[in-house]
Amino acid sequence: MYGRDPWGGPLEINAADSATDDDRSRNLNDLDRAALSRPLDETQQSWLLGPTEQKKKKYVDLGCIIVSRKIFVWTVGTIVAAALLAGFITLIVKTVPRNHHKHPPPDNYTLALHKALKFFNAQRSGKLPRHNNVSWRGNSGLQDGKGSPGSFYKDLVGGYYDAGDAIKFNFPMAYAMTMLSWSVIEYSAKFEAAGELAHVKELIKWGTDYFLKTFNSTADSIDDLVSQVGSGNTDEGSTDPNDHYCWMRPEDIDYKRPVTTCNGGCSDLAAEMAAALASASIVFKDNKEYSKKLVHGAKTVYQFGRTRRGRYSAGTAESSKFYNSSMYWDEFIWGGAWLYYATGNVTYLELITKPTMAKHAGAFWGGPFYGVFSWDNKLAGAQLLLSRLRLFLSPGYPYEEILRTFHNQTSIVMCSYLPYFNKFNRTKGGLIELNHGDPQPLQYAANAAFLATLYSDYLDAADTPGWYCGPNFYSTKVLREFARSQIDYILGKNPRKMSYLVGFGPRYPRRVHHRGASIPKNKVKYNCKGGWKWRDSKKPNPNTIEGAMVAGPDKHDGFRDVRTNYNYTEPTLAGNAGLVAALVALSGDEDTSGTIDKNTIFSAVPPLFPTPPPPPAPWRP
């Protein structure tokens, strides 16, 4: 059966396809389920759904840049959330109670150090800087060394007055500057922590600037050296105005101040001055021009001392009455050691490690004053200084033998300071009598405290826990305990409860033997004898000379606060220099042992390549 196809062509209707309506409906339902079970492709979807509209992305115009709105919202939201979280954390941190860790207050040694350094400000001679910080002092000694035509010096203005008078003794002054420099080289970090590094360096330079005036420091060789400015001779009832007969403020001195020189036979003074200049050159190594000038002067004056042998205080020299030098061999080793460290020239090391040098200096003598370090005897300090070389650089042959001897002798000296061996007596209050009961004991105790602390720090820095005294081993802590006991005694832990450092603690000497401190600054000029009434007054000094360590008690711990007795109440440059060194060494926390600067002192020392020892002699039957 054929019908007509509306699209053209015949339409055939098969008899088999002519089914009932129910069959057709059932077939259509089956087709629908099959179609629905098969996924449609994109074309089919487009037929069914028609064309879709794409969503337009939204943007935010920030002026300099256009960003997606979605990104912008997320970014801003993240920032706000982070800010809220940070604020919440901050609020919690601020509201939660907590312990505040404050810096501990300065220890007694640091407090005393501030005052002990100030003493040097009070002793300055010359035109004072504006920041000298001693209100009752002014310019003085401005004519020192002037008006001497044909002399080898131009002027001698500057330096320091020695004690309670106005004399400039160059021998103890040079020792004092060496001690200050040594303490800075070893403990610069502690000076810095105390806020005193710039101050102490300024004090050292005040002294070395003056020393460079006392000889022709630019020359390679010299024939003369100044040993003293001023005079204090009062023998045979002399009434000539001088620095001991008169009692005047240094600012008011109007009498002539003589200059004492030596042109031969002042080896001790020359070598000590070389030590002062050489050690200071290490302190000022960053100022290359000044350091070089100091080194040149040190080499020149040391060579002068080596070629012109003799003691500066020999014969009728006035200095023999006040600062008599017992020998010059210890200064040769002391000055030579500092020159070696300052220059690195092994010639100096070869010289000072000759066994004959050590023998002449008394390194093998022993005796009652062995180990007593002072302005006169530098041997104990020199041996410790060279033990440092052995501990940290170990130069070996040919220096090892004598350096080992110095090291052993240093250990013996440290043993002698301990109370277990009774080498030196002690007062009932615990003060060691290094000068065997003679007056003015504190300066020797302070020096010993410095050496003991420094040696303990050397050992700690070398990872050595202690040392032997015969068969007994002692910890480095024992040395520090000894040092503290002596300095604590000076600061007031003694039977009289008296601090012998002026201005420290509630009770200290008020009638210090000191001209400037005892005469009021009241615009009245007291002449040579006019000041005697202030000398003899029983009233306390009108001016407090802060930081002055007085001479100290007697061997029974007794002390008289009397201005006219210098054996009790007079301070000195040398004494205060040793005290400064001991105080800075002990300052800081108790666990700061071993805090020395190991390397600065070796800055100029080249690498050491030990010479091999000579071969043994050939064997013979």
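Quick reminder: no glycine exception, Cβ is built from N, Cα and C everywhere.
The region 'Disordered' annotation in TrEMBL covers 1-24.
Look at TrEMBL and you will find 71-93 tagged as transmembrane segment.
The predicted model assigns the domain 'Glycoside hydrolase family 9' (109-583) a mean pLDDT of 96. Annotation comment: TrEMBL describes 109-583 as domain 'Glycoside hydrolase family 9'.
According to TrEMBL, the feature active site maps to H513 (among others).
What TrEMBL lists as active site is D561 (among others). Within the same chain, residues at least 6 positions away in sequence whose Cβ sits under 8 Å from that of D561 (active site) are P509, R510, R511, Y568, T569.
Per TrEMBL, the feature active site maps to E570 (among others).
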Pairwise CA distance, H513 (active site) versus E570 (active site), rounded so that it is a whole Å:
5
Could you tally the C-beta atoms, other than its own, that fall within 10 angstroms of the C-beta of H513 (active site)?
25
